[in-house]
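A.B. asks: According to TrEMBL, the record shows the following:
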TRANSMEM  64-85  transmembrane segment
TRANSMEM  156-174  transmembrane segment
TRANSMEM  211-228  transmembrane segment
TRANSMEM  240-261  transmembrane segment
TRANSMEM  267-284  transmembrane segment
TRANSMEM  359-379  transmembrane segment
TRANSMEM  391-410  transmembrane segment
TRANSMEM  417-437  transmembrane segment
TRANSMEM  449-471  transmembrane segment
TRANSMEM  483-503  transmembrane segment
TRANSMEM  515-534  transmembrane segment
């Protein structure tokens, strides 16, 4: 075949030279190899792509590590409010502008009200002077006193963007390949991030913060669709579970990045431009082969073949490539296109334990997503002087939670839900113990240390349960219901996520109240997680007809096989 006739779409990530070399290598192998060496039977339960590239290899590892990097700027845009809007202390760092006072007016000690000494009437102060050395978001928009609620308002718009971005990415991937969607998210995030940093109107700042979050959600949603299509079995669920570790790495490095700047605008520039590195790495980022086969044109089969051949060469599995590889890809394309459509949402409630799984997963993920975001932002309640160590501690707690989820997945499998749920119930109870020293006469550093100890434990539990649900919740549904089930659960959870910034306002009453609210959600989410149960698929055995009849009579309905769990690369969409 003439290599010059082959189409080279940019989404394949292969240069013309690489494609030509791949064709030459394929032709030489087919000429010099025996039919026995090129016609290897497919492994039962695997398609030709899985058979050729394997469940996991160097090629998949490289792709995963590149895509995982998109979680770092996503975490920076979410958590940057911790350092762009640090709390200011009245009188010492901000005060009501005295030039606007009349002779018979004074300012209250908290610098929030102007009081008339003759009538005793109070009016809200609207003009402030700042003496803080860091030019923060609060100083530009006067977010002090009663207006500090707008700090939570900016965070609300970010979380609303995450909700919209997940839905947008899912709908975009109906028409565009995941790699194209991933690239669009990168470019748009760079533009929106810069505009967000330079916006000097508060409404405009909130709008572009929302758009930046939309772009971040588009990136990590489409990126997950790519590596979920290239990995299989336990490696796929393990990769999705560990996806959030790079989010946590971003949280850990955010204080160091912020320390280089003394203006909130520069922080936004600092968290925006590293996305250019992801654009450079796009040349080593493959596309989703099954999406191309199912939704692409006829010529997509040719460069899917080239892409899989390249992956097989990197994984040292070229001997697995059959001589009729191209024909098998065409057969796989026809199979993907002729598959049944996804089930309707109303169908998700039908089936064994379906209602229990629907209610449990929706409520559990909602509680954990609120906690995952809100508990990180809640460290502002523990004081500005401890933001850096507290942020780093939260990041390490999240990583510990992800690896705990991986341990539960590998060791306990079916009962992993009960282990994750029990961990959150226990961690939530520990977190509620903060009331015992909320008003105790303790050294400030000791009190903050105790706060962080009881906050990191439920934080690790939440990270464990959230990553496990995101990676494994599709196991509880048959293949035709996985896509709408995951979409419904994640979208419902992100709607409730919008409440997270306002739970932190409870710190105005008591620090223990906001933390205990999150811990109560951990307990509630843990109970809901315990309701989930992965159906078992028994190993097929050869039995005699009379034994089979006997087994059917004696079988318990509790141990009956409900459905067969099949690999479905779209079960992680959104």
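Every residue gets a Cβ built from N, Cα and C, even glycine.
Where the annotation comes from TrEMBL, it is an automatic prediction and has not been curated.
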A.B. asks: Against which stretches of its own chain does the transmembrane segment (391-410) lie, if we need a Cβ under 8 Å and a gap of at least six residues from its ends?
C.D. replies: 79, 82, 234, 237-238, 241-242, 244-245, 247-252, 254-255, 372, 375-376, 379, 416, 419-420, 423, 452, 455-457, 459-468, 471-472
A.B. asks: Who are the chain neighbours of the transmembrane segment (64-85) in space, where the CB to CB distance is under 8 Å and they lie at least 6 residues beyond its ends?
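C.D. replies: Apart from its flanks, the transmembrane segment (64-85) reaches 136-138, 143, 151, 154-155, 158, 162, 182, 186, 189, 193, 209, 212-213, 216-217, 219-220, 223-224, 226-227, 231, 239, 242-251, 253-255, 257-258, 264, 267-268, 271-272, 274-275, 277-278, 281, 284-285, 373, 376-377, 379-380, 387, 391.
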A.B. asks: Spell out yes or no: are there three or more C-beta pairs under 8 angstroms between the transmembrane segment (483-503) and the transmembrane segment (156-174), with each pair 6 or more apart in sequence?
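C.D. replies: Counting Cβ pairs under 8 Å (6 or more apart in sequence), the transmembrane segment (483-503) reaches the transmembrane segment (156-174), since there are 3 or more.
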A.B. asks: Same chain only, please: residues at least 6 beyond the ends of the transmembrane segment (211-228) with a C-beta under 8 Å from a C-beta of the stretch. Say none if there are none.
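C.D. replies: For the transmembrane segment (211-228), the list is 60, 63-64, 67, 70-71, 73-74, 77-78, 157-166, 168-170, 172-173, 178-179, 181-182, 184-186, 188-189, 192-193, 196, 236, 239-240, 243, 278, 285-288, 291, 569-574.
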